[in-house]
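Worksheet: the structure to be examined is printed underneath.
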Amino acid sequence: MRLPSAAGPRPGRPRRLPALLLLPLLGGCLGLVGAARRPNVLLLLTDDQDAELGGMTPLKKTKALIGEKGMTFSSAYVPSALCCPSRASILTGKYPHNHHVVNNTLEGNCSSKAWQKIQEPYTFPAILKSVCGYQTFFAGKYLNEYGAPDAGGLEHIPLGWSYWYALEKNSKYYNYTLSINGKARKHGENYSVDYLTDVLANLSLDFLDYKSNSEPFFMMISTPAPHSPWTAAPQYQKAFQNVIAPRNKNFNIHGTNKHWLIRQAKTPMTNSSIRFLDDAFRRRWQTLLSVDDLVEKLVKRLDSTGELDNTYIFYTSDNGYHTGQFSLPIDKRQLYEFDIKVPLLVRGPGIKPNQTSKMLVSNIDLGPTILDLAGYDLNKTQMDGMSLLPILKGDRNLTWRSDVLVEYQGEGRNVTDPTCPSLSPGVSQCFPDCVCEDAYNNTYACVRTLSSLWNLQYCEFDDQEVFVEVYNITADPDQITNIAKSIDPELLGKMNYRLMMLQSCSGPTCRTPGVFDPGYRFDLRLMFNSHGSVRTRRFSKHPL
């Protein structure tokens with residue numbers, strides 16, 4: 001039975017971009033239409049999978065089939081440590097200040113009508129389909145508010161997808177609803193037919209069986225794992241019984257020299273809190289075993305059909321995660337390595353096996369890379385990211401960036417939580433013991449610098465303290481000591497300047513390796529005044 005297409009009764013019929021929207025894109029791939037053996041692309045995206053705390057450990061088959069067959073990036077970051085802003089960055093190739101998705105709510109532009117009108121027509125899948133002639137397939141979690149009645153419901157199919165099997169709202173494993181090319185299909189709690197990771201695997205295998213062989217394809221498969229509620233498949237629910245969350249140097253300690261939200265965490269954590277996060281850690285790993293199976297099934301199918309050697313496979317996550325670091329129980333959202341660093345593994349034609357790249361990359365680079373593979377002229381986009389293709393192909397004369405931007409706008413309202421009256425107003429994502437993971441003014445921007453000379457992180461907060469955090473990651477990989485008050489003021493000024501440049505960049509100016517303005521003079525007093533910097537005010541009040 002042929003899979004139904006998102007285009008309607010005629011399978012494979014492309015949904016065209018509106019003519020006016022298509023005009024700026026024309027010319028990119030047209031020269032490649034009809035070219036032999038254009039590569040296929042498979043993008044596998046997990047939900048909340050860290051790189052710092054052993055997130056790849058359970059995925060032995062994935063590491064063997066993708067990482068060992070290609071390249072593993074050891075310095076891959078997300079521009080925002082939260083699902084919807086990060087996923088929007090993958091799709092658009094833009095930093096959050098340019099796509100304006102700031103959190104997981106409709107009000108924060110997550111799958112809102114504004115997002116659908118302004119950003120979706122220019123995502124890289126839209127270009128792949130309407131300009132480059134690719135068959136495009138999506139299955140799994142899209143954006144956290146996808147399917148909301150106020151934003152088109154499940155009938156909405158974003159431009160750019162030939163086959164659309166999207167999850168309503170946030171990650172679940174059972175009792176969910178899928179949009180099957182715009183029509184709702186409910187699932188229950190029968191493992192054999194409803195377990196979402198396996199459902200996504202089966203939909204993907206069906207697509208590979210029934211797709212057209214005359215056009216290249218792009219597949220994006222977005223699993224619920226290892227996001228809460230961490231429901232493992234029955235056969236894996238006893239796995240990792242002796243595993244606990246890593247007790248690294250920043251586990252269960254007080255964030256003494258950090259911004260106020262981290263300082264409010266209670267140290268030491270209670271025994272019940274530690275038992276809870278250890279259980280969560282184990283269950284997260286258990287859910288990833290089904291992802292490992294999914295990867296194996298897809299690679300085997302591509303191999304059996306003779307398409308593996310012409311297919312690029314990307315494996316990554318939308319953000320990292322923490323389990324007890326600085327006494328924060330479990331979540332993401334924070335600026336530290338455990339939340340912003342993610343796995344990134346790539347295999348494909350021309351990529352030598354068993355490589356590790358230390359180059360500084362971001363998920364805004366995925367879209368430009370995939371368009372580059374398809375032959376599209378990246379100069380015709382307004383994407384902020386850079387193509388990874390020169391790195392993947394081993395270009396020895398490559399000039400690359402030394403800085404990437406991380407930015408986040410806190411969730412919550414400036415009111416007191418009645419269940420935690422002793423805390424400051426505006427906290428959110430609070431646990432029963434009133435340890436909170438977010439707040440309305442947990443708004444920050446960071447520049448992550450990695451070069452032959454420096455391995456630093458510099459962050460500014462838009463709060464009453466106008467707090468600054470700086471870390472030497474080489475000397476302090478667990479980010480225990482904030483050196484903002486002791487670092488050389490000249491270096492501090494350079495980092496501040498780099499941050500301002502990145503927060504004001506757009507398109508080509510984001511892709512230019514950082515060069516300092518020799519005329520720039522830094523005034524330390526401006527950083528710690530009570531009014532906030534021009535940069536932070538602009539970010540927090542940027543219109544959607």
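Cβ coordinates are placed from backbone N, Cα and C, and glycine is handled just like the others.
Within Cys83, Cys84, the residue that Swiss-Prot lists together with Asp47, Asp48, Asp318, Asn319 for binding Ca(2+) is Cys83. With a cut-off of 8 Å between CB atoms and residues at least 6 apart in sequence, the same chain places Asp47, Asp48, Asn104, Lys141, Leu143, Asn144, Asn170, His227, Asp318, Asn319 near Cys83 (Ca(2+) binding site), listed in sequence order. In the shown protein chains, 10 other C-beta atoms lie within 10 A of the C-beta of Asn414 (N-linked glycosylation site). The Cα of Asn202 (N-linked glycosylation site) lies closest to that of Asn190, out of the glycosylation sites Asn190, Asn271, Asn441.
Cα-Cα distance from Asn271 (N-linked glycosylation site) to Asn441 (N-linked glycosylation site): 30 Å (rounded to the nearest whole number). The separation of Asn441 (N-linked glycosylation site) from Asn414 (N-linked glycosylation site), Cα to Cα, is 8 Å.
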